[in-house]
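**Q** Here it is, the structure, as structure tokens.
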Amino acid sequence: MERSRNGRTAESRFAPPPDAGRAKQRAYCIAATPENEDLQELMELLRTAGVATVGALTQKLDKPHPNHYLGSGKVAEVKAALKEADANLVVADDELTPRQQRNLEAELDVPVIDRTAVILDIFAGHANTAEGKMQVELAQLEYNMARMRGLWTHLERLGAGRGVGGIGTRGPGESQIETDRRLARDRITVLKRRLEQVKATRATQRAERERAHLSNIALAGYTNAGKSTLLNTLTGSEVGVRDRLFHTLDPTTRTLQLHGRTVLMTDTVGFIRKLPHQLVDAFAATLEETKLADLVLHVVDASAPEEELVAMTRAVEDVLEEIDAGSSPRMLVLNKADILDDERRRELSFRHPDAALVSAATGEGLEDLQERIVAEFEKTLQDIELLVPFSEGGLLSELHKVAGEMEREDTPEGVRVTARIPTVVAERYGRYAVNGR
Ligand SMILES: Nc1nc2c(ncn2[C@@H]2O[C@H](COP(=O)(O)OP(=O)(O)OP(=O)(O)O)[C@@H](O)[C@H]2O)c(=O)[nH]1
Ligand SMILES: [Mg+2]
């Protein structure tokens, strides 16, 4: 029997969980895709959101049907399957247009949601900080704005169709829709303004860190790749780790010792295929951390099958491009080496000769990774000669952290220091440079 990466069997993904009979939401997954994609990731998202999957259907289409997402024959097939599986929710693997959603609901007579809604729901459940919550709410509002009309039609239909009736199920008419849209727009304005303030605070914090003149490494990668685990192992911290998608939403920065030098390492929100653009926009402040890093470690779950690994890697590269982090120096880190067999290890080192193969869980390969990071920074090391005024004594200990080793000599004007440090950091000491070095 085919075993999925996290140990659950392929069969058990479809078999109802023990309490599925009572599970409120029993989802049927659908996908229109040009490639032979399975729906495992969507089911994984649903599992994270606490929804049971009771069936799935994929149709090979170059482009989703503009009216019904799937072709009309397939929609009829889904309708029959829903009854069979006793599903009460349909989930599409792509973001649906309001029209596709409306039409599907009319045909299938159950609520239809899309991948974006599921991801937004997970983010909403995982947001802990005020900033995270605002970012998610903004993304949700942006997503819902376009769909409000559809939502009301939906409620109306359910009310009429099932004879439930009552408050909130009747069509509110144009004026109510308009009022709601206005309220949503107002709230969006407020949230955007507050997030601007958060962004300013974050910029101040970053400026403070930069004043500490340390290089900054950002961890980036697909959700569940092991970024937080890697941060924990390397820096001895205890950031939350779980086998669920989008566990980390808020960035965390820790210090890391590399051959006597101190650098900063930041763990942040993971990426996914078809990442809702509303989230990318709303998380702009968070993603700045990656964008402005001196080095980006792209962490990959190397235990994924090759095809999936390539797709996940590409998805991350795409988002990095999208947020404009494409030009930062980057290093590929193949994680979860502990669960690879020898053949796969050989294949990976052949395919990705420049990547570091590590296990954040067992510590394997981490020394090599640290060597590589040092080597990466070495490439840009520069000799500097500074004259630091006595009034700036704190700078000396900071410089010592960055340089690992340095020579110092007291002179009447201040302390004369020679050291070898990364160019990015050297620039921050520019005003104390002697002889233009
Ligand atoms: N076998 C194995 N499992 C690992 C390794 N590193 C992480 N994991 C597991 O992978 C799962 C995800 O790890 P996290 O560190 O939370 O992953 P993440 O990239 O931070 O995920 P998000 O915060 O959701 O984006 C957890 O169940 C970890 O225990 C590893 O080296 N080997
Ligand atoms: Mg994490």
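Using N, Cα and C of the backbone, Cβ positions are placed for all residues, glycine too.
TrEMBL entries are annotated by machine, without manual review.
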**Q** Please find, within the list 181-208, 321-348, 405-432, the residue stretch that TrEMBL describes as coiled coil.
**A** 181-208
**Q** Please classify the secondary structure at Lys227 (GTP binding site) using three-state DSSP.
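**A** DSSP call for Lys227 (GTP binding site): helix.
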**Q** Do any residues, 6 or more residues outside the coiled coil (181-208), come within under 8 Å Cβ-to-Cβ of it, and if so which ones?
**A** 131, 134-135, 137-138, 141-142, 144-145, 148, 282, 284-285, 288-289, 292
**Q** Looking at the binding-site residues Gly221, Asn224, Lys227, Val269, Lys336, which ones sit with their CA no more than 10 Å from the CA of Thr248 (Mg(2+) binding site)?
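**A** Correct set: Asn224, Lys227, Val269.
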**Q** In terms of Cα spacing, which of the binding-site residues His247, Asp250, Lys336 are within 10 angstroms of Ser228 (Mg(2+) binding site)?
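**A** Hits: His247.
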**Q** Give the three-state DSSP assignment (helix, strand or coil) for Gly221 (GTP binding site).
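**A** Where Gly221 (GTP binding site) sits, the three-state DSSP reduction gives strand.
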**Q** Gly221, His247, Lys336: which of these binding-site residues put a Cβ within less than 6 Å of any ligand 2 atom?
**A** His247
